[in-house]
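As written in Swiss-Prot, here are the features:
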| type | residues | note |
| --- | --- | --- |
| TRANSMEM | 5-25 | transmembrane segment |
| TRANSMEM | 42-62 | transmembrane segment |
| TRANSMEM | 69-89 | transmembrane segment |
| TRANSMEM | 99-119 | transmembrane segment |
| TRANSMEM | 129-149 | transmembrane segment |
| TRANSMEM | 157-177 | transmembrane segment |
| TRANSMEM | 201-221 | transmembrane segment |
| TRANSMEM | 239-259 | transmembrane segment |
| TRANSMEM | 269-289 | transmembrane segment |
| TRANSMEM | 293-313 | transmembrane segment |
| TRANSMEM | 331-351 | transmembrane segment |
| TRANSMEM | 355-375 | transmembrane segment |
Amino acid sequence: MNKQIFVLYFNIFLIFLGIGLVIPVLPVYLKDLGLTGSDLGLLVAAFALSQMIISPFGGTLADKLGKKLIICIGLILFSVSEFMFAVGHNFSVLMLSRVIGGMSAGMVMPGVTGLIADISPSHQKAKNFGYMSAIINSGFILGPGIGGFMAEVSHRMPFYFAGALGILAFIMSIVLIHDPKKSTTSGFQKLEPQLLTKINWKVFITPVILTLVLSFGLSAFETLYSLYTADKVNYSPKDISIAITGGGIFGALFQIYFFDKFMKYFSELTFIAWSLLYSVVVLILLVFANDYWSIMLISFVVFIGFDMIRPAITNYFSNIAGERQGFAGGLNSTFTSMGNFIGPLIAGALFDVHIEAPIYMAIGVSLAGVVIVLIEKQHRAKLKEQNM
């Protein structure tokens, strides 16, 4: 494997390991500071909004100033964010930490993605981006597991460790990453108004609505999950880490071994509908579960539906985009970020009203997603009949 590709993968792994590390300790951390579910929603939303705003500028700056520089700046901001969260003793400091963390993600991700595109042979780009996705998932899976066990020492320790990982990634990037002499700006092109008139916007309406609705529901559930289990059955950070890591492993296994097989037998829309119905059933079981082991077992399988929906939507966008792959990817990313921003805000407020309210909302949103899919399938069937 190319040395620079390996370093880029390692950087991404460290970043997402660092993000995952802190998930199991958030309930203890919030209670220690006397914060509520609404406060947690604000912290998560601040990160998502900051990333959404900075990402386009991060991509443009990466092209103008060099991707290595933007990656390194992003890694430093990541470390600053984690150390601030570790020492923070009031809500304002934590909010500032999350804003800086979102800025770091908005710089590192476009930089890494662009650099992988630059240094990958054309026949290996798809494979390299596939590896990147798998590595991101691996960081999310291992992070909560490690963080939960670190919390046995101190609930602030995972944040210090994540900050240290950022510094390690920064040093490796300084030493081992080099900007190529020739670089591509694909994916960060300037928006030309005349191009917009050539785009068939109608084909993107339903995917955009579906992406917004689903990211809204999924982020709402995932944001409050650790707080939900801690309050409902008194899960410790270690218990939360086992639940999330187990769920992540099962989700990854289904993605790796079964997603392609399902796609041979189902269209993306049909598969999304079935995945949503599966998620609804499991979420209903979660509402009725009231003891340690039943919630642990449900936790191992609840994320499978969500983990299958995401690549299916991405695949659907890609298939309808034609030659507008960059445009479709931008729409997908933008509306996913919007959902990730709005979902935690509402879920946090609902959690303070009733512990099960965010779960009810996720169930309702998932059912709305099924309805949207059925409407889209009916619309496409009519178009197909008209074209015959």
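Here, residue 1 is simply the first one shown, and the rest follow in order.
Just so it is clear, glycine is given a Cβ too, placed from its N, Cα and C backbone atoms.
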**Q.** Dominant neighbour of the transmembrane segment (293-313) in 5-25, 42-62, 69-89, 157-177, 201-221, by Cβ pairs under 8 Å
**A.** 201-221
Q | Residue numbers, six or more beyond the limits of the transmembrane segment (201-221), whose CB comes under 8 Å of its CB atoms | A | 44, 48, 272, 276, 283, 306, 309, 313, 316-317, 320, 328, 331-332, 335-340, 342-344, 346-347, 358-359, 361-362, 364-366, 368-369, 372-373, 375-376, 379
Q: Using a Cβ-Cβ cut-off of under 8 Å, list the residues of the same chain that are 6+ residues beyond the ends of the transmembrane segment (5-25) and lie near it.
A: 71, 75, 78, 82, 85, 104-105, 108, 112, 115-116, 119-120, 128, 131-132, 135-136, 138-144, 146-148, 150-151, 155-156, 158-159, 161-163, 165-166, 168-169, 172-173, 176-177, 226, 237-238, 240-241, 244
Q: Examine the transmembrane segment (42-62) against the transmembrane segment (239-259) and state whether at least 3 Cβ pairs sit under 8 A, considering only residue pairs 6 or more apart.
A: no
(Q) Pairs 6 or more apart in sequence, C-beta under 8 angstroms, 3 or more of them: is that satisfied by the transmembrane segment (157-177) and the transmembrane segment (69-89)? (A) yes
Q. So which residues does the transmembrane segment (129-149) touch in its own chain, when a touch means Cβ under 8 Å and the partner is 6 or more beyond its ends?
A. 8-9, 12-25, 112-113, 116, 158, 161, 236-242, 244-245, 248-249, 251-252, 255-256
**Q.** Other parts of the chain folded back onto the transmembrane segment (239-259), taken as Cβ under 8 Å at six or more residues beyond its ends
**A.** 20, 23-24, 27, 134, 137-138, 140-142, 144-149, 151, 225-226, 229-230, 292, 295-296, 299-304, 306-308, 311-312
Q. Who are the long-range neighbours of the transmembrane segment (331-351) in its own chain, taking Cβ under 8 Å and residues 6 or more past its ends?
A. 36-42, 44-45, 48-49, 51-52, 55, 204, 207-208, 211-221, 223-224, 227-228, 313-314, 317, 357-358, 361
